[in-house]
Structures are given as structure tokens and as C-alpha cells.
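Enquirer: Per TrEMBL, the features are:
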DOMAIN    1-456  domain 'Major facilitator superfamily (MFS) profile'
TRANSMEM  38-57  transmembrane segment
TRANSMEM  69-88  transmembrane segment
TRANSMEM  94-114  transmembrane segment
TRANSMEM  157-176  transmembrane segment
TRANSMEM  188-208  transmembrane segment
TRANSMEM  214-237  transmembrane segment
TRANSMEM  257-282  transmembrane segment
TRANSMEM  302-323  transmembrane segment
TRANSMEM  330-351  transmembrane segment
TRANSMEM  357-378  transmembrane segment
TRANSMEM  390-414  transmembrane segment
TRANSMEM  434-452  transmembrane segment
Amino acid sequence: MAALIVLALLWPTQLLTLIALVGGSAQAQIAMHFHTTQIAWFALATGVVGTLVTPYVMKAADIFGRRTVMIAITVLGLIGDVIAAVAPTFGVMIAGRAIAGFYAPISILAYAAIRELFPPKQAATASSIVASGVGLVAIGGPFLSGWLLDDFGFRGALWSFVIATAIGLLLLIFFMPSTPPIARTDVHMDWIGGLLLGGSVTAITYGVGKGSDWGWTSTGTLAFMVGGALGLVVFVISQARVAHPMVPLGMLKRRPVWSVFLTTAAALGVLSAVGPILQLLPLYPDIPGVSDGLGFSVTHNAVIGLPANILMLATGAATGFAVRRIDSRLPLRAGLVVAAIGLLLLASYHYSAAQLAVVSMVFSVGYGMVISTVYVMIMEAVEPEEQGIANMVQGLVLGIIASVAIAASYAILARDGTVVQGTQFYLDQGYVNVFRWAAVALLLVLLTTFLVPRLRPVAQMDAGPPTEE
């Protein structure tokens, strides 16, 4: 029975990663089918909604129990997937993707449920099994994407989301035990704070996304960006005054906490903005003067990326083992530098399958080092009893930064592009600019690592609270 419980938790957790991977590969087909210049919102709609609903979902889980809430958000995710799969227009598809964003907090709930359902030693093993599923997704996911998209098109890929989410729902219903509510009283929702945060992030993201079309100094762009920034300021002020804030500002006043949240969210945010562009480049067509993609099939692209994915997993595993015993800032800094070098190399060498295969391996080494370090740093920065709220807040910060960074990467890409029959295509200079922008951004994130004090290695977690030396 324990194995089925782990499967019920592993499936929805890794499904998020798989959907992001397959969805990213489907963007080129979707953009050309619907003749849209706004393909960035295919990913942004889900990400923005997922970021904003996470605090409410976590509090709802405290009130109603994790199993009940996990089933509820999976149903919403399934509804969104169906709408996206049958969508007759791009706008309807984005609406479906937005509804599917309610499914995003499922992984946070899954890891929290593991701590409730298993004894401590078994919980550690179960968490490792659930987390290790990302290896199968990283290796097999690109080839699954190739089979679905090359043989069945983007509709086939979207219907695979429906089937996979439905399987996840059945696993939760039949195999996940009930989890008792943590509290039915004294749990309150900060609805005003949520509206402020949601409106602000959406405004900034929309303004950044429209910057290349309207002009970065145009009234419309500045109105959305400045208005959104002011909204975030009001949100922070409100969190200090309301009785039940979404974000515990007291915890964020501690240097180890705020510096780690800033650095890790910025690092992952920039890396998440590069991923979709790395998928567009090989999959968009090669049309002289119109589109400077490489025109590969999704399966061909999966073969090219296999060495880099294997190297990323190996590097991540080695770093994850080492970071529990050494100063976690060191592998993070090294990873940021290596990833930045990889992006600068990609800016110059991305014109053939061989170049992509070799240079992507450099980037993947840095990516693996960063991704395996950031979550350990969060563990090191907070006390064990704060881990749940810390993961939620860091995810909130990451969602905000990632949404803006993704919008910025598409805006930079579109500056050197063409629109033919309503479809946005991208020229080579746009790809070069995005890779260079992301490399510079990672080096700026590197500077923020020097704000992070030395943290306790995980192996010494019983030694006392984090220091601020």
C-alpha cells in the first residue's frame, strides 16, 4: 500500500515538470496554428495563476486537509486541460491554461503530505523517490514530446495532459489516505492582499511583454510597469498591517532568509526564462528573412539534447551530495558562472545540431549545479518548523520573478522578429540578445550571493540557528 501512496504523490508532482516540457515544445506549432504574436502567454497564464493561488491553496489545505484540496485542484487542472485541448481560438486556449494553473501547488502539497503520511525515516525515502522522478522526466520527456508532437500535433500533446491529469486524479482518489485538517479555526484568507499581488504581477508582466510592441518608454508600457510596481509596494505595506498576512514579514526580516529567497528565486527565475527560448530556436522553421529557427523535428531535438540532460542530472546529483557538507554558496556561485558562460557560448554557437549539442552541455552543468543547490539553501536558512511556509514564500517570490523574466525574454526576442499573417517569427539577433541578456542577468544574480551569510550545512542542522556572519 505504501508503494501506491508514493505513486499517487509522485505522479502529480512529476506531471507538472512533464507538462512544462511538452508544452514548451508545443509552442512553435501552437503559435503558427493560431497565427499569434502572444505565444509567451501559453506559459505565463499558468505560471501567474499558479503563483497567485498557492498561498490560498496552502491555507485551504490546513482547513480541509491536504487530500481534499489536492483532489479539488486536480479537478480544476483537468477542466483547464480539457478547455485548452478543444480550444477553437488562442484566447480560449489561454483561458484553459490559466484554469490549469490552479494545479500548480500540487507538488508543495505532495511533499507536505509525505511528512504527514509516513514516519520520519520512511518520509525521507518517500521524498527521495518522488523527487528522483525528475530524472525519468528529463530523459524520457523530450522523446515523449517528440512522439506526441511529431505524430499527433499539438492537439495530441494537449490531450495527453488531459489523460495524464485524469490518471493522477484517480490515483489520489483511490490510493491517497485522508489527511486530517491542521486547523479549522483561526485560519484566515488575505483576499485584499491576494488581489493586490495578482493585479500587480499581471500588470508588470503584461507591460514587460508589450514593451517591444509599444516601446519601452511609451505611456502604455510605463503605466502598466509603474502601476504594477506601486501595487507591489502597497502589497508589502498591507502585509505589515493586516492581522493575517499572506507573507510573514517577520521571517523575511532575518538576513539569512531574505537573502536566500532573493538569490535563489532570481537564479531560478532567469533560468526558467531561458528554457522556452531554447525550445523555440530548434523548433521554429528556417525561412530566410522571416525566421531563423533551425527547423528540427521535436524528436530530432530530443536526441540532440540527450547528452546535456544526462550531464545535468549527473551534475545535479553530485552537487546535491556535496552541498550537504560544504558551504552551499560555493556550488551556487560556480553554477551561475558556468551557466552564464554556457549562454554566452550559445549566443555565438547555435547554428547547427552539433553546436547546440556541445554548447548546451556547458549550460546544463551550470543549470544542474544551481537547481540542486537552491532548495538545500532554503532548508539551511530556516528552522525545520518554518520549512512549509518558507517553501511557499520562496515559491511566491520565484513565481513573480519568473513571470517577469519570461515576459522580458519574449519581448527581447520579438524586437528582432517579423510578423507574417499574424504569426510572430524570430530572427537570429533576437536569440543572440536573449542569451546575452540572460548571461548578464545570471552574473548579476552572482553578486547577490555575496549578500547571503554563511549557512549551516544540512549535516549540521542540529547545531543551532543560522548565523549572520
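Note: Cβ is positioned from N, Cα and C throughout, glycine not excepted.
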Enquirer: The transmembrane segment (330-351) vs the transmembrane segment (257-282): three or more C-beta pairs under 8 Å (separation of 6 or more)?
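Expert: Between the transmembrane segment (330-351) and the transmembrane segment (257-282), contact is present.
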Enquirer: On the 0 to 100 scale, where does the mean pLDDT of the domain 'Major facilitator superfamily (MFS) profile' (1-456) fall?
Expert: 87
Enquirer: Take the transmembrane segment (302-323) and find every residue of the same chain, 6 or more past its ends, with a Cβ under 8 Å from one of its Cβ atoms.
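Expert: Sequence-distant neighbours of the transmembrane segment (302-323): 135, 138-139, 142-143, 145-146, 282, 296, 331, 335, 353, 356-357, 360-361, 363-365, 367-369, 371-373, 376, 457-458.
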